[in-house]
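S.K.: These came from TrEMBL, pasted as-is:
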| type | residues | note |
| --- | --- | --- |
| TRANSMEM | 46-66 | transmembrane segment |
| TRANSMEM | 72-93 | transmembrane segment |
| TRANSMEM | 163-184 | transmembrane segment |
| TRANSMEM | 284-304 | transmembrane segment |
| TRANSMEM | 324-345 | transmembrane segment |
| TRANSMEM | 394-417 | transmembrane segment |
| TRANSMEM | 423-442 | transmembrane segment |
| TRANSMEM | 473-494 | transmembrane segment |
| TRANSMEM | 515-533 | transmembrane segment |
| TRANSMEM | 567-588 | transmembrane segment |
| TRANSMEM | 608-630 | transmembrane segment |
| TRANSMEM | 642-666 | transmembrane segment |
Amino acid sequence: MGTEQASGVEISEPLLLDTEADRKIRVVDSDEQEEEEIIPEWKEQITIRGLVVSALLGALFCIITHKLNLTVGIIPSLNVAAGLLGFFFVKSWTGFLSKLGFHVKPFTRQENTVIQTCVVACYGLAFSGGFGSYLLSMDEKTYKLIGEDYPGNRAEDVKNPGLLWMMGFIFVVSFLGLFSLVPLRKVMVLDYKLTYPSGTATAMLINSFHTNTGAELARKQVNCLGKYLSISFIWSCFKWFFSGIGDSCGFDNFPSLGLTLFNNTFYFDFSPTYVGCGLICPHIVNCSVLLGAIISWGFLWPFISQRAGDWYPADLGSNDFKGLYGYKVFIAISLILGDGIYNLIKIIAITIKEICRNSTDQNIPVIKEVADSHSSKLLVEQRKRDEVFLKDRIPFWFAASGYVALAAISTATMPMIFPPLKWYLVLCSYIIAPALAFCNSYGTGLTDWSLASTYGKIGLFIIASLVGSNGGVLAGLAACGVMMSIVSTAADLMQDFKTGYLTLSSAKSMFVSQLVGTAMGCIIAPLTFWMYWSAFDIGTPDSPYKAPYAVIYREMAILGVEGFSELPKHCLALCSGFFVAALAINLLRDLTPKKVSQFIPIPMAMAVPFYIGAYFAIDMFVGTVILFVWERINRKDAEDYAGAVASGLICGDGIWTIPSAILSIFRINPPICMYFKPSSS
């Protein structure tokens, strides 16, 4: 997806500001027409209409995130769609009221930024809340899927999803990350000048919306998004009529590449969501997913299945961890851990190096003379942004006391929700969490890669091994949630501070909108998950909503307690090989020149189809081929509209989930089962 750029936006100001001019800047659009822009006070940047739009979009993106989490576990960034749809809804509302003769407050880029921040904070909890991973891995279905007689898999380590306790859990862990790094916002954004690539791209996009030329492009993008949203919704509705009862009918099981490949999960399932993900994700990610599917389902699993009766008993069920299913899960885990540990070490090393460089660099640049008007405007623009960013301070005592108070509440509450997780373990987690949150936020600022799930897995292994066999699985999974929530929300907040800095939005309005968005997410994310839980068969391997990471996280917790003694024959050797391969591939990506490394696959992306199947890899590859051809035909159009097309496809399919869930709750089944089998049978 091409990066949207704000063409022709320049900011200038008089060198000596009077009282009234203190809140004004000059904006020069692409036609060199100057107009005054008044920067609203931080309270004016947060509006009722903005919060309503944020709640609506937050619910939509939570539904989409849950669907992706419960099907394939790959979630593309929806920040651009949040900014674009926020602009569309408020502009449509203000335009409608203006035509009726009402006076409406102008829609500013600061309000647009607040909406985008609020939406991202809301739907971010659908991921970091663990509804498709660590929380779901506690349930009875995952326990039985692994096997009631499986060593380390105890019935006492089961906690089925419940709406109230999930809301309580999300409330007590999700706000701490917001308070952990607030005092360091100036250090991260102004002193270290971290780029936060996604935050910068979002800011450029929002800035472009609020120029004459950018507003026209935004209108076209919204029309494009609406068209493909409608197409996706209608197509998903049409597919439903042929999907029958069960999980083997319809276009989702269409043997488009032949029945032989279909039996090995190689087929195109006509999913707008996965095609949209292919349009958003970089080409190398999509190709890595397809390569992982070919290696696993094309070669490795057929090879191992031929050794049934030797490597594992031939009469085992398809979901027995002592058989082929165990190889699928553990080899996927080894690739994920190898990739995660490598990148964790790499980013910590980069962080330490950069901090040391910044602390020893005493050469403060002195500008002796302004060379020309352009550099003068850039200097004035930076001064203005610094001034706005530092104007509304968030006191250190407020952040510190907020963190301590929330940590105390969480330390007292967590053992009530998860009895094996003792209060002193929770307290220790909160003592070390700010340091890990800083590492993750700094690394995200440098590389745009948040390793929240990796920090969560580290917490999982440590706590599971400390608690041991008497509740270690449940305690480890809960600790994973604690650590993952803190480091994830801290990185998101710093990224939003960067976006606010570049759009001249108040840091205080960014912080408050993050708080409001998180509060919305604590309610909306569990409610939208409960819709899926009530309507669909979640966690069954043959279901569309197989929740792949639920099994993976529970197995990680069991490994933390029991070790590797119960793995199938040769499984440990294969896992070690793939773990080392993940390290070697990442090292190769970093050592080779960019023109070579851009073609080296990403192990984390390769790991996903090892467990899930190849069908979604085909869909994503179709998306990447469409984008590749589009870029060759008209690169500018592809950069301008590919994100809108992808967002429309994903959102349309996501919206259809709501009526589909309602039909399922009322036991209204599709009237037709379209099924394929060999003609000889």
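Here the Cβ of each residue, glycine as well, is placed from N, Cα and C on the backbone.
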S.K.: Taking residues 6+ outside the transmembrane segment (46-66), which of them lie with a CB under 8 Å of any CB in it?
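M.R.: Distal contacts: 75, 78, 81-82, 85-86, 89-90, 93, 105, 111, 114-115, 118-119, 122-123, 125-127, 131-132, 273, 509, 512-513, 516-517, 520-521, 524-525, 528-529, 531-532, 650-651, 654-655, 657-658.
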S.K.: Does the structure show the transmembrane segment (567-588) and the transmembrane segment (163-184) touching, where I'm treating 3 or more Cβ pairs under 8 angstroms (sequence separation 6 or more) as a contact?
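M.R.: Contact between the transmembrane segment (163-184) and the transmembrane segment (567-588): absent, because fewer than 3 Cβ pairs are under 8 Å.
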S.K.: Quickly jot the same-chain residues contacting the transmembrane segment (324-345) by Cβ under 8 Å, restricted to those at least six beyond its ends, or write none.
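M.R.: Counting only partners 6 or more residues beyond its ends, the transmembrane segment (324-345) has Cβ contacts under 8 Å with 296, 300-301, 304-305, 308, 312, 316, 318, 449, 451, 453-455, 457-458, 541, 551-552, 555-556, 559, 567-568, 571, 574-576, 578-583, 586-587, 602-604, 606-608, 610-611.
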S.K.: Grab the same-chain neighbours of the transmembrane segment (642-666) for me: Cβ-Cβ under 8 Å, and only residues 6 or more beyond its ends, written as numbers and ranges.
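M.R.: Same-chain residues near the transmembrane segment (642-666) but 6 or more away: 1-2, 4, 60, 63-64, 67, 76, 78, 80-81, 84-85, 221-222, 224-237, 240, 271-273, 275-277, 279-280, 531-532, 534-536, 623, 627, 630.
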S.K.: Run the contact check on the transmembrane segment (515-533) against the transmembrane segment (163-184): 3 or more C-beta pairs under 8 Å, excluding pairs closer than 6 in sequence.
M.R.: yes
S.K.: Report, as numbers and ranges, which residues of the same chain sit near the transmembrane segment (473-494): CB under 8 Å and 6 or more residues beyond its ends.
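M.R.: For the transmembrane segment (473-494), the list is 120-121, 124, 127-130, 134-135, 137-138, 152-154, 156-159, 169-170, 173-178, 180-182, 185, 188-189, 194, 196, 410, 414, 417-418, 420-422, 425-426, 429-430, 433, 436-438, 440-441, 444-445, 450-453, 455-465, 467, 510-511, 514, 518, 553-554, 556-558, 560-561.
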